[in-house]
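**Student:** Below are the structure tokens for one structure; questions will follow.
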């Protein structure tokens, strides 16, 4: 019965412990929440006090708002003090009693239960040993020890059991106390908190709160009105901006603005990741003075891409993408390929960079000056749609000219040099001169500077001088240099004495390209030899144009933009027949303008010395021919004298032989004379002959 009743008490103690643990957790959450509320309230009051120290980018110094928040901070600080007092009361009156019951009384029950179980096990073991004592061979010493062990274990079990049972009985009273004391403390703390709150909420505070509520309602009405206006504005903008949502709007409805000196927008930038691979990155680009800037998403400021003063800009074909253009710095060391989203942006970016490169942005009214410059260029430059009429009458001049000296420019294309300021444009470029932007094909038109023969039309030219099935005409040339160039344009010029002609032609051709949206260029291989300059198709190796080297009278590269170079070709015929004309050809290279001009100068020097050597060789050959003729005549005379001398020697020998045999012959002759009288006349002659 005792063991059964003990089981009921132990089951009840376990239920009490489980319930008290759950209640403790709930009350602890209340205590933690109150502490958090107290800390949060204090932090709120602190932040409200620091509002006057904040510097908001869009907010002005609102004194009314600052004073209002200071008043709120004062009230909330008092509430924070009340919450702090409540937290202290909850810790003392609610958490302390239930914590004591949980940590002291319930743990005591568990400890006594363990001790009672150990004492009960020891008693059972002692009884078992005592029961095993033998009845035959009794050992008084062992019996005494076992008896003592039973006595001790039974006493210990009884004492432990009494303390354990007492604790179980007391637990029923402590359970009621531990439940009521925390709840009582919680309610008393809340009542005290509400009393402090009622003391703080005075009539003055209620009036203040009423005024604030009215102000909030007024602000809300203003916000609703502003939101309604913004919604109407959004609807109007959506209707007006509907065509702009297209990535490539119609250029007839939205024409490009060509007089801009500032431009901003998103572009795709090409970044090389390997020898043949590349990646495209979308970034925001904008111009700032004479600099091109870019700013990645998330950056607080833009970074410099390149200096676009005196730069060059052109349309390029890149990886089968549309609207690509390339910007190259004035020294040619840095270039960037960008892609616009639409044709309008594409043309505006090219025109804007072209205007900036002329340093128009430094003036007071840059857009007006840009419009005036573009209009002047449009009136002064008229592009020609075909190259055929220009080259039908072009033939090279027979006379040659000493090698021209190459000169570099001292100014940019967008600035007026000192030499140009002294010369009028009419003295350099013929008025109303058409500009040619494409290259003549040898299939349809004659090559400039040479007559078309039946075996040379469209013939492939090996740029490296290697002989194929037929012997190339430049096979004997000791100079073969190949350059990659892009043809910008050509036009007739009036003078070929000064390199300013080349610079002015560069300026007009680049301006005409920008004005008339001629952005594409034909890439070719320029082969420099001692005989001529050739433009060769890089795909088919067919000669597109041939310029005889003696007719190239002037060549120059730009001093600042090393990629631009040009030369003047002297030809016979033109718009006025029976006179020589000068055509200036402008090209762009891969930063090799000076190298090309040096190569042309070297070729002309080699050709000049070769001509001198040829004339000297011809003169020497003539002298050798005269000497050879004289030597032949001398040899012939000697042979005649030798023959005469031989003949004289033979005659002298014959005379000596006849003299030695004179006496014998006298007898024979005497006898023969008698016979000759009988032989007659014929016989006499025969005898005389003998």
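Including glycine, each Cβ sits where the backbone N, Cα and C put it.
Keep in mind it's a predicted model, so treat the numbers as computed, not measured.
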**Student:** Looking at the ranges 278-311, 312-345, 346-379, 380-413, which is given as region 'Disordered' in TrEMBL?
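**Tutor:** The listed stretch tagged region 'Disordered' in TrEMBL is 380-413.
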**Student:** Under TrEMBL, the annotation region 'Disordered' belongs to which of these stretches: 195-229, 230-264, 440-474?
**Tutor:** 440-474
**Student:** Same chain only, please: residues at least 6 beyond the ends of the compositional bias 'Basic and acidic residues' (619-648) with a C-beta under 8 Å from a C-beta of the stretch. Say none if there are none.
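**Tutor:** Those are none; the list is empty.
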